[in-house]
Amino acid sequence: MVADNGDEPDDDNNKLTLHVPETSHQISTDSWFQAGFVLTTGINSVFVLGYSGTIMVPLGWVGGVVGLLLATAISLYANMLVAKLHEFDGKRHIRYRDLAGQIYGREAYYITWALQYVNLFMINIGYLILGGSALKAFYVLFNEEHTLKLPHFIAIEGVVCILFAISTPHLSSLRIWLGCSTVLSLIYIIVACVLATKDGLNAPPRDYTIHWTSTTSRIFSTIGASANLVFAFNTGMLPEIQATVRQPAVKNMLKALYFQFSVGVVPMYAVTFIGYWAYGSSTATYLLNSATGPLWVKASANISAFLQSVIALHIFASPAYEYLDTKFGIIGSALKLQNIAFRILARGSYLTISTLVSAMLPFLGDFESLTGALSTFPLTFILANHMFLMAKKNKLSSLQQSWHWLNVGFFALMSVAATVTGIRLIIVDSKEYHIFADV
């Protein structure tokens, strides 16, 4: 099924004045519950094993807990704004850039496109690094010589992701894999919580002090952790997920968001807070590296984290796949030899480049910060508030308009500050570690 997005609107209304392509992927086929599981898969992906170290350690108990709660509330609010605009001007907008182009025009279409793909590319780099880290953690449990290093495992992760991308043609075909992802997530989250709780009960008093080498370091670390906060809750591809939902699309997507930000956040909160409670300021950026316990238990958690990262990466790579498939007219059966060959070439090339960048610069927390700064802040908060303001300005009171402008200004400042912080962190770590480092 394809989207009916080919009609060009009137220029008089300052709408999109370029052709919006239909899609080769399925739309309007999934229930709100499946969309909710897609969103929950993202929020409880293997990234949750890093939040104790990348959010709680630099912010501490007060800053971390309050920050996570605030990030949950403002992320739900911002995503609801975008969801409510899905049928703006009487048509479904199945891509983020389509919606922005309809509201602002041609330039916004391309700017949003660029921001979104930077966001998704950086998220995929994070999944490759974390998947490689999980596979390495599994390996060192059974091999004391440590012959293979992190870049080798990132390369293995990349190969597995390529095979999965070739065999899974589009987002809606993830149905059975979403169930597998849920089981895998529960395995590593439960194991991490149980092992951390055991370690915490048996350990001496922990140090929860926030350690900074200077005031400058304190400022940059706090801003970077704030970017990690918004990164934890947002996909940057909500319209693409909403496009798969059956009618009524807005009502069903709101149900999916309520599910994500209620039931869906509980496992993430649990593993983040328990991990920091157990290990304090010494918590590793990959929580299972701090945990102690039976070999087979840690092994099962690590291999589950590795496998789940493959499924989650496919979700965030799907807009790129949809663009390539639509651009080159890939239609018909996914098993056609021509379609398989195209997926091997196109998706294989995309993931090869991603894997190479991940192996060269495997600094996970830095990439979370930079992703939040460069794209999550603009896409999820700045653009969401401003698009809603432009689309609904005749129906908003002056107080409501002021509220949205306040959000736009605040998150614009945060985006600039977090971008500087993220770049600085990568530069600092690049000087401390060589490329293809075994961190």
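Just so you know, glycine gets a Cβ as well, placed from its N, Cα and C.
As annotated by TrEMBL, domain 'Amino acid transporter transmembrane' applies to 29-426. Residues or ranges marked as transmembrane segment in TrEMBL: 32-53, 59-82, 108-130, 150-169, 176-197, 217-236, 257-279, 299-324, 344-364, 370-391, 403-427.
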Legend entry - Same-chain residues at least 6 beyond the ends of the transmembrane segment (150-169) whose Cβ lies under 8 Å from its Cβ atoms: 25, 127-129, 131-133, 135-136, 139, 177, 306, 309-311, 313-314, 317, 321, 325, 334, 339-340, 343-344, 347-348, 351-352, 354-355, 358-360, 362, 436-439
Inset, instruction - Test the contact criterion for the transmembrane segment (344-364) and the transmembrane segment (108-130): 3 or more CB pairs under 8 Å, pairs 6 or more apart in sequence, then answer yes or no. - result: yes
Inset, instruction - Could you give the residue numbers and ranges of same-chain residues that sit at least 6 residues beyond the transmembrane segment (217-236) on either side and whose C-beta is under 8 angstroms from one of its C-beta atoms? - result: 39, 42-43, 47-48, 51, 54-55, 58-59, 63-64, 67-68, 70-72, 74-76, 78-79, 96, 116, 119-120, 123, 210, 261, 265, 268, 315-316, 365-366, 368-373, 375-377, 379-381, 414, 417-418, 421-422, 424-425
Legend entry - Proximity verdict for the transmembrane segment (32-53) and the transmembrane segment (299-324), three or more C-beta pairs under 8 Å: yes
Inset, instruction - Give residue numbers and ranges for long-range contacts of the transmembrane segment (299-324): same chain, 6 or more residues beyond its ends, CB-CB under 8 A. - result: 23-25, 38, 41-42, 45-46, 49, 95, 116-117, 120-121, 123-124, 127-128, 130-131, 134-135, 137-138, 141-142, 157, 160-161, 164-165, 168, 170-171, 174, 177-178, 180-181, 184-185, 187-188, 191-192, 235, 237, 240, 288, 330, 342-343, 346-347, 350-351
